[in-house]
Amino acid sequence: MLHSYSIFRLSCIILFLPLGSVYTKDFNALCSTCRQLVDNFDKGLEKTAKQNFGGGNTEWEERKLSKYELSEIRLTEILEGLCDSSSFECNHMLEENEEHFETWWFKRKTKHPDLFKWFCIETIKVCCPKGLFGPDCNTCIGGADKPCHGNGKCDGDGTRAGNGKCSCDEGYEGEFCLDCSDGYFSALRNDTFSLCKECHESCVGCTGGTNQDCKECRNGWEKDQEGACIDINECTKDPAPCKDNQYCLNTEGSFSCKECDIRCSGCKGPGASNCLTCADGFKDEESTCTDINECTEDPALCKDNQYCLNTDGSFSCKECDTRCSGCNGPGANNCLTCADGYKDDEGTCTEENKEVAAFDSEGSQTGDSPEKHEDL
Ligand SMILES: *[C@@H]1O[C@H](CO)[C@@H](O)[C@H](O)[C@H]1NC(C)=O
């Protein structure tokens, strides 16, 4: 048989390639390649649908050459666009089976219009119809229309590969994917159909979807008098679950500890208005802990040639500018008085010599001139 010969040759060729042995048995990959060939064939059909013999079908051409539509020229054009030059698998399958495409094109197309079915499934036998698997195209569990009862994937579905076993979707389990997994309950079920839904977040196992249907409560929940699982408020427990400078935040099934605001020393919630007491450097002002301005409260905090800088919760002493003798801020424009060798010029302490030097270089003028001011 031509077909088995092709497969045999394919195997031989591939076995001698360094990484080839994978392909020899991989019907899954062969089926994808075949599907790709057929998809591209369909694209080629579409692309050439409005074409003709270049100059348009003359009456003579239509009679003598048959129509372009059914011509070998059109087939060749389609086959040329079937594979990317880089795809070894595709080009190989095409080379091995070119005559099948010709047979189909000229002799089978009318009777077997579905090329995928005729070529991939029935002729070179690398695929199965949907819902069927394995070398002999056996039917998947649950039937070809609903493999794995619609709740999973049948191994090898649609290819000549696989063992037909179901891998079930989330929430389903068992050979037939009809049973519900842990954390799910059966909302609907008969011999061929099963719907599993997720339990309420408070449950470990359940018979229904609410917190009253739990078999047991999950950690962080407990049963109330009616048997429903309700959240435990860990924050009200004794001893308190959080550290000294943290507050406790209760959540469904759990809790978390959050750091207090830096303005607090101990707190019962977020922000400076939830402090138990204020942190050092802060004072209670209308129930909110607020920064103390040490600089204004005690003007003598810093040394003579320093100024005081208030910060959140503290302060620091900074050296005055060298042009100052005492200051209340940075730079030469915050001096209380000017240092030796400097004089006040419109609120800024300026080197006395410099003024003279600049003045000298300009000539021998005296008094204020506009030029002198521009220089400064
Ligand atoms: C099973 O249930 C599904 C969904 O309700 C329904 O479509 C199907 O006909 C039922 N089959 C049988 C055998 O009762």
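Every residue gets a Cβ built from N, Cα and C, even glycine.
Computed from a predicted structure; not experimentally measured.
Between Cys177 and the candidates Cys168, Cys180, TrEMBL records a disulfide bond only with Cys168. Summarised by DSSP class, the composition of the domain 'EGF-like' (136-178) is 4 helix, 11 strand, 28 coil. Cβ-based crowding with a 10 Å cutoff singles out Cys177 as the top-ranked of the disulfide-bonded residues Cys168, Cys177.
In the predicted model, residues of the domain 'EGF-like' (136-178) average a pLDDT of 96.
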